[in-house]
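Student: There's a structure below that I have some questions on.
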Ligand SMILES: Nc1nc2c(ncn2[C@@H]2O[C@H](COP(=O)(O)OP(=O)(O)OP(=O)(O)O)[C@@H](O)[C@H]2O)c(=O)[nH]1
Ligand SMILES: [Zn+2]
């Protein structure tokens, strides 16, 4: 399957472009097809008609454009450079970014889910620019998602690109499809986790990871 070909679930893997001939700086771009704004705008206009509204009224005239752009923004992660540094000091404890904001779209209802991610890793030969932990979350969150897949994609991606000794990812989110409608359970937060390597297999590392996230294992 080519990097840009959509997977059966509608998402596709991000690609990287080597920008300085080494593994040290990679430009990460997402492989998803861009949003067709004119088509999305027309579809929103049709939806307003289906809702019994007049899209030509002064109040709604700009709404199709606004909605199309809003969804395009939510479905388009920003490109970034994956910057790593040699782990010269042999740092061998967990590195954890706690409370990274998560904004994503539920693939079932196209409603947002939002919350935080805690992303940690146990370094191997290289350490990662800290901001990149939050950028990787955005890379996968700006998609039509389920929380389980988002959580695992972040962990798998870090494992593949950083080759650390271990990875841990926890996502805690509120799904508007569960709080505003349907079951109407506002405040219910779903917690998912994905662990790899030492963080999964070694009880002390796993316990330390969950202790640092504030999530009880
Ligand atoms: N596993 C998982 N389920 C999700 C996620 N986001 C939404 N869902 C659920 O997807 C399910 C879709 O179920 P359906 O029964 O087809 O849809 P529905 O009739 O709108 O369901 P209700 O929300 O219960 O009214 C619901 O239970 C949602 O809560 C997610 O990230 N992960
Ligand atoms: Zn939903």
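Note that Cβ sites are derived from N, Cα and C of the backbone, with glycine treated the same way.
Sharing the feature lines straight out of TrEMBL:
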| type | residues | note |
| --- | --- | --- |
| BINDING | 106, 109, 177 | Zn(2+) binding site |
| DOMAIN | 41-212 | domain 'GTP cyclohydrolase I' |
Student: Taking 106, 177 as the binding-site residues to compare, which has the smallest set of other Cβ atoms within 10 Å?
Tutor: 177
Student: What average pLDDT is reported by the model for the domain 'GTP cyclohydrolase I' (41-212)?
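Tutor: Result for the domain 'GTP cyclohydrolase I' (41-212): average pLDDT 96.
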Student: So how many other Cβ atoms are close to residue 109 (Zn(2+) binding site), meaning within 10 Å of its Cβ?
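Tutor: A count of 15.
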Student: What other residues of the same chain, not counting 106, 109, 177, have a CB atom within 8 A of the CB centroid of the Zn(2+) site?
Tutor: 105, 107, 108, 110, 111, 113, 175, 176, 178
